[in-house]
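Beneath this line is the structure, given in structure tokens, with notes to follow.
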Amino acid sequence: MSREISSVVQALVDNVDKAVRGKHQQIRMAVSCLLTEGHLLLDDVPGTGKTTLAKAIADSISGSWTRVQFTPDLLPSDITGVMVYDQANGVFNFREGPVFSNVLVGDEINRGSPKTQSALLEVMEERQVTADGVSRRVPRPFFVIATQNPRDFQGTFPLPDVQLDRFTMRISLGYTDHQTEVRLLEDYHRSQRDESVESVTDAEQLERVIEAVDSIEAAPSINDYIVRIAAATRDHADLRLGVSTRGSIALLRASRAWAATADRDYVTPDDVQDVATAVCGHRIALTPEAELRGASTSSIIAGVLDEVEVPRRRDA
């Protein structure tokens, strides 16, 4: 792996670590998602640092970024853009929405209406917005970092399966441990700590890194392993929806990115296993019977990983 890639990857992880304490593994996972030019869903209860993490990642890139606070009255055009009539020239001009940036931070995305949520489908998959019959490309690289509260919170609209499938990863931060939270309180009391971070890379350099990460070696046995994992979810008795082909591709790309964060230029089965829950957990759906038994998507993925034969290291 080149020195440029290693330095950028490490700088991103270290930079976000300054703003979000005690969550190194989750930060590394979020940076891995960034290195796939994929989209990240942060799913957790309020007050655990979801928005802070999203902003820290966006601030780490010197390209353009925008933030949208999702509310029930937010319109699709408030996100993608709208045609505006120019009275002086007698023509309609397109006014770009927040998606025309390198990073779009969507705060509390599941408080937006289903119609507004669906406005992101095209741009998340095709990196373009179609308005008035004209398709317009968004800047590259392009990432959506969305936060959401648990579905049982009042005033939320659950994201549909097709929308969830657009996110490369879904991760939760969880509460900090006792000692970290004590240090946070001490820092806040002493200095009202500034959580802002400086940019450590730009859009052009990041795009080069993304291309390099996507070419990290994955042996044929790794590809076969990923496909067998996906197939096991599709045939699972407790699932009504398994991992899609898009999910298999995302798992491969995420495994490469995870290897990059470990400063390796090849993928191992451990890389696949480490990112499998974050990549696949939101892409599967439990049957009603499994839900009644208290099963979880994470436990299903863990069970699949236990059952699917792992490639031998010399083959991987």
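The backbone N, Cα and C atoms fix where each Cβ goes, and this holds for glycine too.
Annotated features, as they stand in TrEMBL:
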- 39-169: domain 'ATPase AAA-3' (DOMAIN)
- 232-301: domain 'ChlI/MoxR AAA lid' (DOMAIN)
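With DSSP classes pooled into helix, strand and coil, the tally for the domain 'ChlI/MoxR AAA lid' (232-301) is 42 helix, 6 strand, 22 coil. Confidence over the domain 'ChlI/MoxR AAA lid' (232-301), given as mean pLDDT on the 0 to 100 scale, stands at 96. Counting residues per DSSP class in helix, strand and coil order gives 32 helix, 42 strand, 57 coil for the domain 'ATPase AAA-3' (39-169).
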